[in-house]
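Residues or ranges marked as ATP binding site in Swiss-Prot: Thr29, Leu30, Gly31, Pro32, Asp86, Gly87, Thr88, Thr89, Thr90, Gly413, Asn476, Ala477, Ala478, Asp492.
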Amino acid sequence: MAKDIKFSADARESMVRGVDILADTVKVTLGPKGRNVVLEKAFGSPLITNDGVTIAKEIELEDHFENMGAKLVSEVASKTNDIAGDGTTTATVLTQAIVREGLKNVTAGANPIGIRRGIEAATTTAVEALKAVAQPVSGKEAIAQVAAVSSRSEKVGDYISEAMERVGNDGVITIEESRGMETELEVVEGMQFDRGYLSQYMVTDNEKMVADLENPFILITDKKISNIQDILPLLEEVLKTSRPLLIIADDVDGEALPTLVLNKIRGTFNVVAVKAPGFGDRRKAMLEDIAVLTGGTVITEDLGLELKDATMAALGQAAKVTVDKDNTVIVEGAGSSEAIANRVNLIKSQLETTTSEFDREKLQERLAKLAGGVAVIKVGAATETELKEMKLRIEDALNATRAAVEEGIVAGGGTALINVMDKVAALELDGDAATGRNIVLRALEEPVRQIAYNAGYEGSVIIDKLKNSAAGVGFNAATGEWVDMIATGIIDPVKVTRSALQNAASVAGLILTTEAVVATKPEPAAPAMPQGMDPGMMGGF
């Protein structure tokens, strides 16, 4: 397939046109007075959103060279979203500003490599300065404030802070669509896995069809139990305690299942059997998680353990277990807090090294189940369009809140970027590297300029006043007032701000040092069929 190639200034200018088209579309959404963008969908109603990364992903340009520029900025938004979960519009605005200023200087004869070196040095200095002024986030009220700023809704802020309080910072918080019009929070405390009872005769509540076990022992094994004799000694020991038993095994079949059911129906003792969750190596890991949580031991050949030799010491315990036809929930396992903390740290280290998105998701689920539970925010709205938009806002708010808890917060509304300009300006560089530093200094103003513009104010006037104000004092674009940003609750997670700047500088530097661009040549349009010819005649000879 033939290729089109452009060089030097021609190549860069083509890409920058794409950068500008995408950035101009996205940046109208920045700030409390940001506008919405309507996205056409192939099926269903259009999506109305102010989420930067969602808009960026939808943009596809006809010109191949311009499209490459747009896709690079879209990558900045996606990368920032992956790392910090928010700040995608800020990242896009910063990228455009660095590229635009950089291109002017490269066109005027500056060395792009020197400029890039200056951009990198200035970005590193700005990030260090941001981290130095970051304030930690703790407490339900502070968390609610961060979430409310990101979602533009105090109610959503309250839901997220309550969810994080209930399941912990490492807990899983999922966002689902509600069947009603109201948004609500539902929390499943304890460890839940998607396996239900093996027989409906094991239920303790025939109306709700659930089995509730109070203070049960828990047998955990990766073996199949077919012969009741394998576990008979253990059952006799449990029977003496008059406490219920939960069996988690690869399967329970053969004579074992009807024998257990018969004893349950007769009231000999309360027992429920469920299949082990997961498959393969993941099943082994999840069984070990359950064992750590409940203070038990996994009966497995990997450890040289046999069911017939198992003692009461191998059984786990919990305050309560609830089993329905689809799920099992273990509440307040009896495992030691030290063992659980060690297991959590092991999973966290695996999270840091994994490259698979699927593995990452499963590890996060395991981490949450060990850490405390799962919270579900069920989003309700009057229309499908409003529901989609609300769901995106809540996802952004949740990600921003997690980022804030992780690395702290700085003054919002672009104020923190203006406040670190003095540190960047003090960076001693010369030649083209100094030009790169100055490009970053100009770019640091751009988020404030755009927020002010979207709210109907003159950006340059706001920036001048901001530079002469005390650190932390900024412009509240929602009210038009000058306030202490953090005290007023106008805040940004430092992880979001620094990720936006780092990713913007990285991609902008690549665009400025581009000397050639290779794109696929458009295919010539197929010739139209001559008018009046009957398609059925073709090939009819």
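Each Cβ is built from the backbone N, Cα and C atoms, and glycine gets one as well.
Mapped onto this structure are the features recorded in Swiss-Prot.
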residue	record	Cβ neighbours (10 Å)
Thr29	ATP binding site	21
Gly31	ATP binding site	24
Asp86	ATP binding site	31
Thr88	ATP binding site	30
Thr90	ATP binding site	29
Asn476	ATP binding site	19
Ala478	ATP binding site	15
What is the biggest Cα to Cα gap, in Å, among Thr29, Leu30, Gly31, Pro32, Asp86, Gly87, Thr88, Thr89, Thr90, Gly413, Asn476, Ala477, Ala478, Asp492, the residues listed as binding ATP?
20
